[in-house]
Structure formats: structure tokens, C-alpha cells
Amino acid sequence: MQLLAVGLNHTTAPVSLREKVAFPADQLGQAVASARVWYGRSDSKTYSDEAAILSTCNRTELYAASHQPGGVNEAIDLTAHFLADYHKLPYSELRPYLYALPQDNAVRHAFRVASGLDSMVLGEPQILGQMKDAVRQAEAAGGLGTYLHQMFQRTFAVAKEVRSNTEIGAHSVSMAAASVRLSQRIFDTISEQNVLFIGAGEMIELCATHFAAQNPKSLTIANRTLERGETLAHRFNGRAIRLADLPDQLASYDIVISSTASSLPIIGLGMVERAIKARRHKPMFMVDLAVPRDIETEIGRLDDVFLYTVDDLGTFVQTGLENRQAAVTQAEAIIETRVQSFMHWIDARAVVPVIQDLHESSEMMRMIELERARKLLAKGEDIDAVLEALSKGLTAKFLHGPQQALNNAQGDERTRLAALLPQLFRTKR
């Protein structure tokens, strides 16, 4: 069985590329189905048996399993062509940024990702939920088989073990906390600022929690669905507005945090230019936590706008890394043990067909001898004599194959079989 993880993440590709290959959450199932069709129609049919796609703001990865052999470079090429075709991008733009991890390295990578060891925010918990969602969608799309299903179940168990037995998530600085710290570099006190959150998902909820603790002058949630926005805003004594109202109200806000699932930018250059003019060039602090990005990159060039992306926040979230190094070492040790256990399971799975054949062959021998014994009993033969014949017949049939193989073998092959057979049959020799 061939296992593989192919993708790009925040360490190999800039956000400008990651946003182009991100899959919206509601399209993951369709993407998995498309990936399996894509690999299946290739000449080698490499990695077409099982597939799952993980897509977050920091990574897009495809996990695959196949009985067909295939090289790492071939797998990278196939994945690059698939991503390029699916997202309508040039192949040459993607290929240099992709990595491929085969076999135990793929398993180790999945375990590390789910445990938060491969995240921009070391130990952050959101990635585990995102991976579980990705696996559910892959399963619904028919992408999971025996191997990926088992790998991901063990992945989730390892992540739980790491978080329960180490302090990997302790003292970490989250994206939400980093956003607050950055804003405090621009404004002396957040208590005098109006804060706007665009979106109503988990990341916005985390950010709102951190900013609300600073007692801002006002807190507003802008969302496509007003009811959902109002529900979140009520928790923080804020108010909600529709996204459609954003162009007219943007000028009222000093701090803007955006994280939606939109495939296109929500805030454009013209909108912000008009807002800055209405604010009489009072500074505006903006954080775009979305991938694809919610805020057009050109906005960052405006003199009175301080725009940060998820990559810009990377330096802040490394705070406390040295203090957590011991936890990282502990987590890596747990992961390594579980990787070896899973690879042993895969090796054991390789002999399952052989064991099944042995059972089927033995069952056929048993049925033949049993039928013969029944016929003898029906004729009135002595029961002890029939049982004796039955046992001898079964013994002869079971030993016929090994004896024939040993007699037909020559040289080193005979020596090898002669040493192996006593182990298989547990004889005294």
C-alpha cells in the first residue's frame, strides 16, 4: 500500500499563492471526487484508490492511498496538474511550492498537523476540528477506504494524546491575541476605538473575545446573515450590520478584523479610500485572517492604513516557543511511537490476503474430508475407524503443499524453507 501527503503550507508558499489553491469548505467533497477521477485517468493511476483534502488558511494538502506503485516526483506532478486544472492556474506557478511525503512520512505529517506541531501557531487547536471536517467530507464523497480511514482515526487519537499529556498549547500566542497586540502598537488604548469584525465564524468569535476583554468603545459584527451576526454580537454587547451596509459604515471604524469564507475580496481599494477620506485620514488598522483574502492587497499601500495578513502575524505567534520546546520534544516522541505502530498495522494488512487464502484452502480440504467421512458413516462403517481416516486425511492434505514445496526447492531456497517451516508449524526442531 502506497501512502502519500502532497501539498503546500505557510512555510513553503506565500498567502498570495495559498489563497489561489484554497478549497471552500462546501466544495471539499466535490474536490475529493474530482481528485480521484483525475488520478484515475492518468496513465499510471497512481494514488487513485483513496483521497482526502485538507484546506485551511495555512495549507492545502491531499492525502492519498493506493495499491498502485508510484514515485514521489510523479505524485507531485499529478497533484500540481490537478490543482492547476481545478483552480485554473499555470502548472509552473504551483510546482515549485509543493512537497510530497511518502509512507511513514505522510503518516507522521498527518499526526503532526492534527497535534498543532505544524501550525503557524504552535499547538493551536482549530486545526484538529478542520481536519475532522475534511475527513467527514472525504468520507461522504467516497474518498476514504480502509487505509485512510484507519490513518485518520489514529491521527485524531494521537492529537488527543499529545494535547492531554503535554503542554503543547500552553503559553501560545494565537492569531486573535496577536491582532490585539498589533493594534496596540497603532493605538494607545483600544478602549477609545471602534472595532468591526467581518464574518461570524470561529476565528471571528476568538478575535471578538480577545478584543472585548480590552473594552473597546464599540464592537460591531458585519455578516451576510444578519441573524447570525446579531447572535454573536449579543454575546459581546455589540451590534450587527449586513455586509451590504459596509461601504457606508466602514469610515466609522478604527480597527477592522476580517475572516470570511468568501472566494472574492469583500473590501476593495475604492471603499477604503472613501472611508479614509471621510475619516480625515485618521489611521485605520486592518487584519485580514481569510484565505482567500477578504481585503484587497493594494489597500496596504495607503498611507493611513495598517494592513496585516496571516503571514504578517507569523512573527508574533512565535512568542513563547522556547518555553514550549520541551513539550514539542514530548509530542514528537508520542507521535513517533504511534507512527511505528500504524506502519506495523499496514505491514500486517499486507498478509491478510495470504491468511484468507489459507483459510479458504483449509476449509475446502475440511469439507472434502468431512463429506467422505459422512458417506462412510452412512454405509455403517465403524465410527472410530472413520474418525481415524478423517484425521489422517486432513493431516495429509494440510502437509501436502509444504512438503511438495520443500521437495521441489533447491539450493538456498531449500535451506530457507527448511529453516522457515519449523517456525510456521512450531515443531521442536
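For all residues, glycine too, the Cβ spot is worked out from N, Cα and C.
As given in Swiss-Prot:
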- Thr56, Cys57, Asn58, Arg59, Ser119, Glu124, Pro125, Gln126, Gln130: substrate binding site (BINDING)
- Cys57: active site, nucleophile (ACT_SITE)
- His109: site 'Important for activity' (SITE)
- Gly199, Ala200, Gly201, Glu202, Met203, Ile204: NADP(+) binding site (BINDING)
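Locations of recorded Swiss-Prot features on the structure.
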| residue | record | DSSP (3 states) |
| --- | --- | --- |
| Thr56 | substrate binding site | coil |
| His109 | site 'Important for activity' | helix |
| Ser119 | substrate binding site | coil |
| Pro125 | substrate binding site | coil |
| Gln130 | substrate binding site | helix |
| Gly199 | NADP(+) binding site | coil |
Q. Counting other Cβ atoms within 10 Å of each Cβ, which of the binding-site residues Asn58, Ser119, Gln130 scores lowest?
A. Gln130
Q: Tell me the Cβ contacts of Glu202 (NADP(+) binding site) under 8 Å, same chain only and six or more apart in sequence, or just say none.
A: Gln126, Gly129
Q. Within 10 Å of the Cβ of Pro125 (substrate binding site), how many other Cβ atoms can be counted across all chains shown?
A. 16
Q) Neighbourhood of the NADP(+) site (Gly199, Ala200, Gly201, Glu202, Met203, Ile204): other residues with Cβ within 8 Å of the Cβ centroid, in order? A) Phe197, Glu205, Leu206, Cys207, Ser259, Thr260
**Q.** Nearest recorded site to Ile204 (NADP(+) binding site) by CA-CA distance, among recorded positions Cys57, Asn58, Ser119
**A.** Cys57
Q: Please report the number of other Cβ atoms within 10 Å of the Cβ of His109 (site 'Important for activity').
A: 22
Q) Between Pro125 (substrate binding site) and Met203 (NADP(+) binding site), how far is it from one CA atom to the other, in Å? A) 11
**Q.** Ile204 (NADP(+) binding site): secondary structure state under DSSP, collapsed to three categories
**A.** helix
(Q) Quick check for the class: what is the C-alpha distance, in angstrom and rounded, between Gly199 (NADP(+) binding site) and Asn58 (substrate binding site)? (A) 18
Q) In sequence order, what residues of the same chain, 6+ apart, have a Cβ less than 8 Å from the Cβ of Met203 (NADP(+) binding site)? A) Gln126, Met175, Ala176, Ser259, Leu289
Q | binding-site residues: Gly199, Gly201 - member with fewest neighbouring CB atoms within 10 Å | A | Gly201
Q | Residues close to substrate site centre defined by Thr56, Cys57, Asn58, Arg59, Ser119, Glu124, Pro125, Gln126, Gln130, Cβ within 8 Å | A | Met120, Val121, Ile127
Q) Cα-Cα separation of Gly201 (NADP(+) binding site) and Gln130 (substrate binding site), in Å? A) 13
Q: Using C-alpha atoms only, work out the spacing between His109 (site 'Important for activity') and Thr56 (substrate binding site) and round it to an integer in Å.
A: 16
